[in-house]
Amino acid sequence: MSIIKSTYQGPPAYLFNGHLETIIPSIFRKVSEVNYKREKIDTPDGDFLNLDWSKLGSSKLLIISHGLEGDSERHYVKGMVKLFNSSEVDVLVWNNRSCGGEMNLRPILYHHGATYDLDTVISHVLKAHSYQEIFLTGISMGGAQTLKYLGEKGNDLPVEIKRAAVYSTPCNLLSSAATLKFRSNTFYKNKFLGKLKNKMREKAVQYPDLIDLELLERVSDFDVFDTFFTAKLHGFKDAEDFYKSVSADNWMPSIAVPTLVINALNDPLLDGACYPVKLAESKKELTLEMPKRGGHTGFVISKNEFTWAEYRVQEFLLDQL
């Protein structure tokens, strides 16, 4: 389609930069009255995935992919669930391996390109249910997984999947990963790295010979972590090979359904190639919206339970049918 002018007017005055727009909602935002029914499904490689459902008996389904070290309980996920339920749409949140409160069985965890698990989820939904219309959304890492899945499927995408919308999405993983080297992003780096290192310690209990705990304790940046842990566990040469190989923009030119990408220009975790301007200018299926404000998964609206991004995703997926 095009690059469109954003309708987001910006956050309350006290959220005066991208970092505050990112951090404050992640700490203080609460979304109530969201109840899930959990389903556990097997993966082809002998692992499992936890699926959290919020069903109303609709013929429409939204499938949500969460962000790095997120799960179905994150505020940005529950906000989307509640909003779409209010529009009489069933919602499924799938938890990546090791997320959702339960460590997975296999040596691997998850990553930005782990579309094999999203494919397993969607295949299960299509076999076990009879939804007429399915919509995909993803936030941050989940957005990258969603875009990569759509591009991989291309014209072979299941006909039930009608539209997709993602936001705060690292379309180019190499570019996004580089932002974690910025001194201003030390908070995010330490937060994510700390959580992932804890998971590696859990994995070492399951597979004592697989994880070098002495090296793990010395890791202080993502290049090293992703080279010796993420890449090693998932079959990549090193961090750079991993970033380049799984980056969603490798597959985005093949997306075959209307897809919205919302990335704020002041997102502290996105840079350069994460804004696919040239592709959006030439590809009719892709709509790119770049609000000046919003931070990373922020998009706060004053005195409103939901965020602008949640409303915008709802509008794009449902109002144009």
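From the backbone N, Cα and C atoms, a Cβ is placed for every residue, glycine too.
Heads up, TrEMBL stuff is auto-annotated, nobody curated it.
Positions annotated as domain 'Serine aminopeptidase S33' by TrEMBL: 60-200. As annotated by TrEMBL, active site, charge relay system applies to S140, D267, H296.
DSSP assignment over the domain 'Serine aminopeptidase S33' (60-200) gives 67 helix, 26 strand, 48 coil. Every protein chain considered, the tally of other Cβ atoms within 10 Å of the Cβ of H296 (active site, charge relay system) stands at 29.
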